[in-house]
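Asks: Just dropping this structure here.
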């Protein structure tokens, strides 16, 4: 792994409580300092309206289960086996609904007051030196593949971080870049960007630039004529910076990797050429930053994100320093937002409703989940230290007289142990005069074998052994007793790029679901953390919802097959329209979709966005989650291994935004990946079932059959055809990347033929 310090802090990293002065002045007691944050719960009436709506859906699910149990032979001629399968699936759906009601029961949001970071008695023109007690921040950026994550993407991320507004930023902000792909191009691009940063950072602060990623700032919509001061000095500076950025882009794009290695530009990479490309744990950057700058706060960022709010760190400090008890903010997570996001979220991966409804509800329990990027961590929480660690615990758990326990936990580096001791016990770090003096130490602690025999990867740092180490790390921090906070700012603190197209989206969801499944069946299960640690019960339930996403796949797949099965075999799994029980599933269908629709309306989203997300939930469940479930099942049997798959990033940071003529970025695209086979097969099967059922009705062959399917089964098949319409279009009309490849069609057709044959025998 190559770790590059893009900028380094040279001042003290003293941790603070973030307040004003203390004591009295002239015998008079000082008033309390103004609050840095405000907890704002949802209004009582609105909160109870949402609770009752969620409970209504849950009660209808329970009523449907009761109907199944009372009519266990399937009602008017229904098959008991089919009803039992439906009962099991609906019981699972009821359990998920109950978990969702619990998670969303007490929604809370926090409003930050960065202007109150100025201590009492100071004017708004307070100088940077007067912010001396604000802690330093180490900013950790991760990239993995120079092809899918071009170097210019990483460069823009780093430049936006270096230009953040923060008092004494040159001393208190440090940026570390980890390239798991070991690319000389990425290292060369960062070296080139260092010179540009020397002019870019002062330019941003001098003119109050809002968006500090150059590729966004210099877009056509951000020209000097459309915003900013129009004086001659600004125009000259703007033109100069634009020319310099264009030169930087050309130098990076025109660099050849082989030429770098041949002429000595890649001398640092010879030992890394055979390193496996994978999602390397963020622990390496944690250790390197610890022996160099050792800031008490760490910001973790993916390489495809950039700073969208230059005061993001100040907002985070309001939440990290604004509580009476440090346990209230072990980490601060910013919601994921995306630039140039497609209208109405056609691929269901922007997750706005998830953050605004689900995560806001979890904030009322133990706090937001760690999302893997855009998160401010207390270093001591990442080190596995419980909140409010006191002197008595120091003697018992780590040992203050000798470094034996520190060596066991953190390894044999004296410098790393000293830095860990300072963080754990809230001591001031010694000012570092020369960063270069720690280069050899940094190389030592970043070695691949350094963590052998230590607690790194389990009790210390980011957790090893999972494709979703972010969720696992956040859960471990919560299990120690820490809480977390969701930082919602206007404008959003950070912006990233969302995958576009079917292959990229489904690959990303499959990777997440695989990691979530592995956590569920491991010793890191949140249920065990609740039983033996300090993870709260309702927080455990919230984790189970997210970790249980891939476990929904077999139940949703079985339920989706019931409609076609019943039509093809002349059976029913739902009450007939003439029966009293028909009103229960009908009311459930209407109430669930209405409740879900109103959630999207409350989040300020459109009806089309609701439909796109509902449709994608069905597609993701049958495709990405199903394959993830099978992958983990095979791994648990020792028949396969999970592999980390890097998701391609938006190339607009690195290309000239030249889109293919006539391309529709919101339309589903396909390739020959196995993830498309299950959905294609289910779409074909439902079309076949509707066609067969319609023919039976038209020709009267279903008359007189007591257990013939009713309108409920036809509605289920028709609804799934609507949900899978992108695949139907890809099967029938799609061409090129918009059409499903013949290899996928043939495999899906084989599955459909096997299912139809099975139905004929039953």
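Here the Cβ of each residue, glycine as well, is placed from N, Cα and C on the backbone.
Owing to the predicted nature of the structure, the values given are computational and were not obtained by experimental measurement.
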Asks: Between 541-561, 646-666, I'd like to know which one Swiss-Prot lists as transmembrane segment.
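Replies: Per Swiss-Prot, the stretch marked transmembrane segment is 541-561.
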Asks: Which stretch does Swiss-Prot mark as transmembrane segment, out of 47-67, 110-130, 131-151?
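Replies: It is 47-67 that Swiss-Prot annotates as transmembrane segment.
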Asks: About how far apart, in whole Å, are the alpha carbons (Cα) of residue 470 (active site) and residue 180 (active site)?
Replies: 17
Asks: Tally Cβ pairs under 8 Å between the transmembrane segment (81-101) and each listed stretch (541-561, 619-639, 739-759), then give the stretch with the top tally.
Replies: 541-561
Asks: Please check if the transmembrane segment (619-639) comes into contact with the transmembrane segment (541-561), where contact means 3 or more CB pairs closer than 8 Å and the residues in each pair are separated by 6 or more positions.
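Replies: Answer yes: the transmembrane segment (619-639) meets the transmembrane segment (541-561) with 3 or more Cβ pairs below 8 Å.
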Asks: Give the nonlocal contacts of the transmembrane segment (708-728) in its own chain as ranges (CB under 8 Å, at least six residues past its ends).
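Replies: The answer is 77, 502, 560, 562-564, 566-567, 570-577, 582, 585-586, 589, 614-615, 618-619, 667-668, 676, 679-680, 682-683, 686-687, 689-690, 693, 696, 702, 740.
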Asks: Taking the Cβ of residue 180 (active site) as centre, how many other Cβ atoms lie within 10 Å?
Replies: 23
Asks: Helix, strand or coil by DSSP: which one applies to residue 180 (active site)?
Replies: coil
Asks: Should anything in the same chain at least six residues away from the transmembrane segment (673-693) have a Cβ under 8 Å from its Cβ atoms, list it; otherwise answer none.
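Replies: The answer is 502-503, 506-507, 510, 557, 560-561, 563-564, 567-568, 619, 622-624, 626-627, 702, 709, 713-714, 717-718, 720-721, 724, 727-728, 730-731, 740, 744-745, 747-749, 751-752, 755-756.
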